[in-house]
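Below you will find the structure I want to go over with you.
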């Protein structure tokens, strides 16, 4: 279980980091262009101001004709740490509960407590329900499931042969009706 959880978490961190282009460091220390432009330190000099592509290649921010350095984003960092903490905590809880149940099953400890053993007798409940269901089903078949108009024929086929097999319309047997060996 741990063997599958750690690579999954690593893959998540790797994918998150590759979105920013900063790698995993971008997950733990995210940078942002948010905030006031005028409080920031300029980036790339005059050439970056004149060429926005150069500014972005230097991994700086460009807004309103100003190229400036990014700042660490503390709110995003807190969100990332919160998500990482809950993911690791949930994974740890899942692994420990699986191990606990596995251990308890091996020790044959997964039984109902003594105070619940006598109170939950399902066999009696099921038998009572099945008796009630029998009378209910009899009522349903007599009322709803049998068609109201059945074709009545004078001679009913008692031998068990299907229609056209061994009998004629009048109920007489044909030559192929019985096998005589």
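Just so you know, glycine gets a Cβ as well, placed from its N, Cα and C.
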Of 61-81, 82-102, 103-123, which range does Swiss-Prot call transmembrane segment?
82-102
What residues, ordered by sequence, lie under 8 A Cβ-to-Cβ from residue 43 (disulfide bond) and sit at least six positions away in the same chain?
55, 58, 60, 61, 67, 68, 69
For a quick check of packing: other C-beta atoms within 10 Å of the C-beta of residue 33 (disulfide bond), how many?
15
Which secondary structure state does DSSP assign to residue 33 (disulfide bond), in the simple three-class scheme?
coil
Here are some disulfide-bonded residues: 61, 67. Which one has the most Cβ atoms within 10 Å of its Cβ?
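Counting Cβ neighbours within 10 Å, the top one is 67.
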